[in-house]
């Protein structure tokens, strides 16, 4: 609960900052599919995000060099990063760090490198890039994020990236016209199930102009969904059915392969 | 053909898992063992979390030992009373094993414990089997008769109280060592995801002096019940049994076992023991090597809390 409240405060603070610049532009976005279904033969896929920058009469006429950063974050969960060390001649897990409510999937896309879009200060405040995204850790009794080159944080980001679950691409957003843009959102096979938030931030001359949000969900359907929820919610029934299935298979085998 | 496993949460190739089930089934049919000690490491090797592998293999072994137990029952090669007494210990051991499993998992040392117990158990048992098989082979080559034990010799085991007459096995024995052996097998079965047949059979032959006519059938009954029980407990406490994975393994396993059993009948007993010893030893050494060499990645991530509602 404490953490939830903390995150809410962070969220409010971010919203307050975003409201500061005058809203002269509006972002209109849509993803190609709001509901991705994971079927038995799911082996990854890609969503496409489309959008356009709508100007109104308050827009300064000479404004045109827009920069766009898209942040996709998947369902949040607690994770532990462990480090192995050599003890008594064997490699065992010794030190560990707990990451609290971090996204299971995190992708940051932009039209050009983050350091060309905004100053380091803005990059940090707007969480541009994997190095600047807030990854809350439990540090003793406190909750905090640490410096990007902290060994546990960088190992965490690296391992997630190796599985395609964390990614950063600074040329993924393409402007089709000066105001119309698109980007692909790759989803690997082991993508976590749940709701994904997509945050689109528009920058111009190093400052945030406006931002908007959309979402999509990844769901297991049919048999997978049924098996996974039954296992979690009706452990006893699930166990009984599995054990019964085992006995039936064994019995069938003894009938089929009976020698006499 | 790719299939998404609902509990393991990864896509796998069905034919790969089926082939693994069949290969392990072949070996288990050949040696008359459950094969869990081969199946669990193989599943870990293809990327399934050790905890899910251990829990799912339990149901796979239940299936293969049930088909075995049925055929032994038809041949009246099962001692019901001996099986019942073993089960008293086995059930207790399994409960304690699943509890330990849950506890180690919360500590984050489950993978290490699984690997360590594999190393210790497999290298010891494999080494002993190999040595015993080698000696028996040399003796039979030298022309002498192969005597595994002297018929009249009674150890301290046979001096224990609470004796019971096991009619079908034709032995008169205290229940204490029987319950203790059941307890050990149940415990390691639940923690390591193995049926324990390859330890139970030698223990019954050398310690309890159970005649070979009933030993394999009776040990299969113990394996069957402890593994059904372990499946249930893993499903209820840890929610880690992947039924889809288990079903593929079972189908491959029971098929492979039939061919393995036929192949096994063509090989002589000492050779079979020697081969099994080598196999067990090799798996143990593989785990040992993995612990000793520097891992490719020192860091690992494990999800601890599920996604919030």
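Every residue gets a Cβ built from N, Cα and C, even glycine.
All TrEMBL annotations are machine predictions without curation.
Within the listed segments B:110-131, B:132-153, TrEMBL records transmembrane segment for the stretch B:110-131. The largest share of C-beta pairs under 8 angstroms with the transmembrane segment (B:43-69) comes from B:240-260, of the ranges B:12-37, B:110-131, B:171-201, B:213-233, B:240-260. Between the transmembrane segment (B:240-260) and the transmembrane segment (B:171-201) there are fewer than 3 Cβ pairs closer than 8 Å, counting only residues 6 or more apart in sequence, so the two stretches are not in contact.
Counting Cβ pairs closer than 8 Å to the transmembrane segment (B:81-104), the top stretch among B:12-37, B:110-131, B:171-201, B:272-293 is B:171-201. Highlighted: of the candidate stretches B:12-37, B:110-131, B:213-233, B:272-293, B:213-233 has the greatest count of Cβ pairs under 8 Å to the transmembrane segment (B:171-201). Through the fold, the transmembrane segment (B:12-37) approaches residues 1-3, 5, 43, 46-48, 57-58, 60-61, 64-65, 68, 118, 122, 189, 192-198, 201, 216, 223, 227, 245, 248-264, 267, 272, 275-276, 279-280, 283 of its own chain, all at least 6 residues removed from its boundaries and within a Cβ separation under 8 Å.
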